[in-house]
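As recorded in TrEMBL, the features of this protein are as follows:
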DOMAIN    1-307  domain 'TLC'
DOMAIN    74-135  domain 'Homeobox'
DNA_BIND  76-136  DNA-binding region
TRANSMEM  143-165  transmembrane segment
TRANSMEM  185-204  transmembrane segment
TRANSMEM  239-258  transmembrane segment
TRANSMEM  278-303  transmembrane segment
REGION    316-373  region 'Disordered'
COMPBIAS  329-338  compositional bias 'Basic and acidic residues'
COMPBIAS  343-359  compositional bias 'Polar residues'
Amino acid sequence: MNMEISRMAHSLNEWLWQHEFWLPPGITWEDMKESEDTHYPKPRDLLLSIPFALILVVIRCIFERAIALPLSAKLGVKDKLRPKAQPISILETFYTVNCKNPKEGELISLAKQCDLPVRKVERWFRRRRNTDRPSLSKKFCEACWRFTFYIVSFFTGLAVLYNPWLWDHRECWTGYPQQDFKEQIVHHAATIFLISFSYCANYIRIGTLVMVIHDASDCFLEPTKIFNYMKWKKTCDSLFMIFSAVFLISRLVVFPYTVLYNTYYYSMEIFQPFFGYYFVNALLITLQLLHIFWSCLIIHMVYKFMLQGTMEKDMRSETEESDVDEERENMMEKEKNGIARFSNVTSSNYIQRNGSEPLNNRAHLTNGHVKER
């Protein structure tokens, strides 16, 4: 049994590392053997990304707790007080097992099971969803970490372009889910495959250039978020405009003309097409389509900024529902209280006009008689 497994693994390994998949026609793995003067990247080096990723996770936790969190307190970043959802087992079970945002029919059914008004059940789910969302200080800490990481990553990438053998094992970090979560997953998957393939096939400059182009705009995105959390609106708006310009130029101009053109057209003048050619270009085109998608969102935000004079909230981020819905309910309750108060006042005036005093100006005795105050 063990012999069969080892034979299958050996066959799979030989099939996977066929030079036709990874290298241009006429080049084999024998041509990429190292010598005293020539060094090539080794695919097994990618295994180092696993311990490096674990080390980065530890560094991130230490950074957020020891540096970013105290910094948020000094800069006045305060978390909003969120009303907690009452512990109701039926609703909690539905929330964790079925879905977090039930439809109208499901709300009515849950309200009957819990013997509660539908509005209270809807409010419970809204508060429960808000408890799962990261706090403002948590977002601040994450933005600080990303800013530090992207700055180091950007300048490291520039050093790699100057000296390819300083290649860095960098990871794609996924934060809290946002409205473009699916697009982010596709982007991360394409980036990981692209980095891995470019390293194994010795396309180091292409992979590094792609990461540097991406990091260029991210270096301005994260401080924009940081100043937004600090309520520094003018600084936030200025950085947002700089980020928008860098993003649109780097993703819609630099990326297609320096990366896609060379990999899709110029490479054909040197080598004949092979599997790696189609695979790399498919990943790069996928990234470019995502760049166009995000560019449309940014252009829409810039348009709103020019009309309103202030930056609109990030359309990719999920905001707390209580900010709007709770205020709407409070306004409805105030209106109801105002109507009730108005009816009480008019009824008292009516009684006084008919020669009687309102009941709240009298004292009731235990025997049922009324005593004037």
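Glycine residues also receive a Cβ, built from the backbone N, Cα and C atoms like all the rest.
Of the candidate ranges 143-165, 239-258, 278-303, 278-303 has the most C-beta pairs within less than 8 angstroms of the transmembrane segment (185-204). When pLDDT values are averaged over the domain 'Homeobox' (74-135), the model yields 88. Counting residues 6+ beyond its ends, the transmembrane segment (239-258) has Cβ neighbours under 8 Å at 209-210, 213-214, 216-217, 220-221, 223-224, 227, 287-288, 291-292, 294-295, 298-299, 301-302, 305, 311 in the same chain. Here the transmembrane segment (143-165) has long-range neighbours at 39, 60, 63-64, 67-68, 71-72, 173, 175, 204-205, 208-209, 211-212, 215-216, 218-219, 222-223, 225-226, 229, meaning same-chain residues at least 6 beyond its ends whose C-beta is under 8 angstroms from one of its own.
Counting residues 6+ beyond its ends, the transmembrane segment (278-303) has Cβ neighbours under 8 Å at 180, 183, 186-187, 190-191, 193-194, 197-198, 203, 206, 210, 240-241, 244, 247-248, 251-252, 255-256, 259-260, 263-264, 311-312, 314-316 in the same chain.
Helix, strand and coil counts from DSSP across the DNA-binding region (76-136) read 36 helix, 0 strand, 25 coil.
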